[in-house]
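Marked as domain 'PDEase' by TrEMBL: 74-398. Residues or ranges marked as AMP binding site in TrEMBL: H150, S151, F152, R153, H154, D197, D305, Q356. What TrEMBL records for H150 is active site, proton donor. The Zn(2+) 1 binding site annotation in TrEMBL covers H154, H196, D197, D305. Here TrEMBL flags D197 as Zn(2+) 2 binding site.
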Amino acid sequence: MPVSEAVDMLEGVVAKMSEGATHAKLQSTCNLMRSILRDDTPSATSADRLAALLTYPEALMAPTTPDRSAPNGPELDVGVVLPPALPDEMGRRILDWDFNIHEIPAHELPALCFGAFLTHTEFHELGINKKRLWRFVQEIAARYRNNPFHSFRHAVDVTLCTSCLVRMVQRAHKDRVGQLSDPQVVVSLLVAAMFHDTDHPGVMNGYLIATRHPLAVLYNNQSVLENHHCSTAIALLERPELNFLAPLSKEQQTQMQKYMIQAVLATDVTGHMKFLKDVEDRLASDAPEKLDPSIVIQLIIKSADISNPTRALSVYTPWISGVMEEFFTQGDAERALGLPISMNCDRKTVQVAKCQVGFITFLVKPLFQGFSKYLPELEQIAMRNLDANLEHFKNLSA
């Protein structure tokens with residue numbers, strides 16, 4: 001391409017940019033220019049890309065940078081009424097590993113979740129905006145679909161389990177809790193547990209990938225749903241009335257969002273076996289109490305997410321019905337589309353009891369066994385229930 005033509009194109013692009021166009025955008029355009037001038041082929045791809053910039057709306061040429069300084073105005077919180085603090089009895093009940101979330105009416109779940117947050121001193125120490133946190137909880141609850149399993153009820157259950165595990169770790173390793181002594185980490189972990197399945201469609205990643213769903217395309221088939229849950233929730237924090245982190249510095253906000261994203265991405269089961277192997281190797285080479293804090297954080301949310309079989313059978317059983325309904329519905333859709341039916345999704349062949357035996361044996365038990373080496377308290381509660389439930393479903397499948 002002649003230099004004069006390239007310069008004309010550059011002038012056209014710059015003319016379309018608003019006065020506040022970012023340095024990065026100009027730098028990107030200049031990088032394309034250099035590529036064009038080095039490329040002597042008749043139809044340079046880079047030249048086409050630069051020419052395409054001329055057709056972009058101004059909003060894309062110079063997108064508005066979110067203003068994080070404005071959301072501190074008290075007028076945004078006018079009219080927001082916080083729910084009452086949890087009654088003492090409920091505060092004690094949610095500390096019970098076998099707490100039955102199924103007994104709580106759906107409309108009470110947001111307040112229960114919010115109240116559970118505030119039982120952790122870290123939410124007070126950090127100085128977050130509680131009125132916006134309450135709004136955020138309500139907004140997240142509204143974004144959950146009414147799925148048989150992946151619902152806001154599941155989200156609150158995972159949050160309460162995460163809460164229990166955080167307290168156990170802090171009790172057992174109060175002199176060596178590392179990152180769990182940082183209020184930013186604790187708050188991030190608990191909030192992430194609440195939104196870890198936000199807007200879940202009730203099907204698995206494999207289905208979205210096989211059908212080339214827009215979300216699978218958007219996230220390059222990598223942790224599709226987990227990325228979507230994060231993106232949905234983090235985007236809500238850009239709304240001033242929901243940004244409960246606004247009182248914190250920009251650096252703190254960025255770091256906490258990073259913690260949240262890391263926690264949710266850890267719930268992708270495709271990395272489960274590799275993670276287990278890593279944990280086993282670390283426990284074999286080091287004293288269990290010296291387990292890296294980042295590993296402990298992943299252990300907590302991964303364990304909470306699949307903790308149903310570690311609860312009393314009466315609490316566990318309703319979750320089985322819900323998840324199998326989702327699996328079978330996905331299998332029906334795969335059959336109708338002529339796709340291979342995913343594991344555990346064929347209602348014509350799957351035996352639910354055997355499915356639970358496999359789930360406990362290959363996923364849940366190895367994870368909790370590893371965690372119990374670091375947190376012996378789990379032996380007395382989670383592992384006891386897990387062994388009893390495994391025996392129950394082995395008998396049913398015999």
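Using the three backbone atoms N, Cα and C, a Cβ is placed for every residue, glycine included.
TrEMBL does not curate its annotations; it predicts them automatically.
TrEMBL feature annotations superimposed on the structure.
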{"residue": "H150", "record": "AMP binding site", "DSSP class": "coil"}
{"residue": "H196", "record": "Zn(2+) 1 binding site", "DSSP class": "coil"}
{"residue": "D305", "record": "AMP binding site", "DSSP class": "helix"}
{"residue": "Q356", "record": "AMP binding site", "DSSP class": "helix"}
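Straight-line distance linking the Cα atoms of H196 (Zn(2+) 1 binding site) and D305 (AMP binding site), rounded to a whole number, equals 9 Å. The Cβ of F152 (AMP binding site) lies under 8 Å from the Cβ of A106, L109, P110, I140, A141, Y144, each of these being in the same chain and 6 or more residues away along the sequence. The Cβ of D305 (AMP binding site) lies under 8 Å from the Cβ of V158, H196, T267, each of which sits 6+ residues away along the same chain. In this structure, S151 is the one among the binding-site residues S151, Q356 with the smallest number of other Cβ atoms inside 10 Å of its Cβ. Report note: the Zn(2+) 1 site is defined by H154, H196, D197, D305, and the residues of the same chain whose CB lies within 8 Å of the CB centroid of those residues, excluding them, are H150, A155, V158, A193, H200, T267. Counting other Cβ atoms within 10 Å of each Cβ, the lowest count among the binding-site residues H154, H196 belongs to H154. In the shown protein chains, 21 other C-beta atoms lie within 10 A of the C-beta of R153 (AMP binding site). Largest Cα-Cα distance over the residues recorded as binding AMP, namely H150, S151, F152, R153, H154, D197, D305, Q356, equals 23 Å. Neighbour count (other Cβ atoms within 10 Å of the Cβ, all protein chains): 25 for H150 (AMP binding site).
Other C-beta atoms found within 10 angstroms of the C-beta of D197 (AMP binding site) number 25, with every protein chain shown included.
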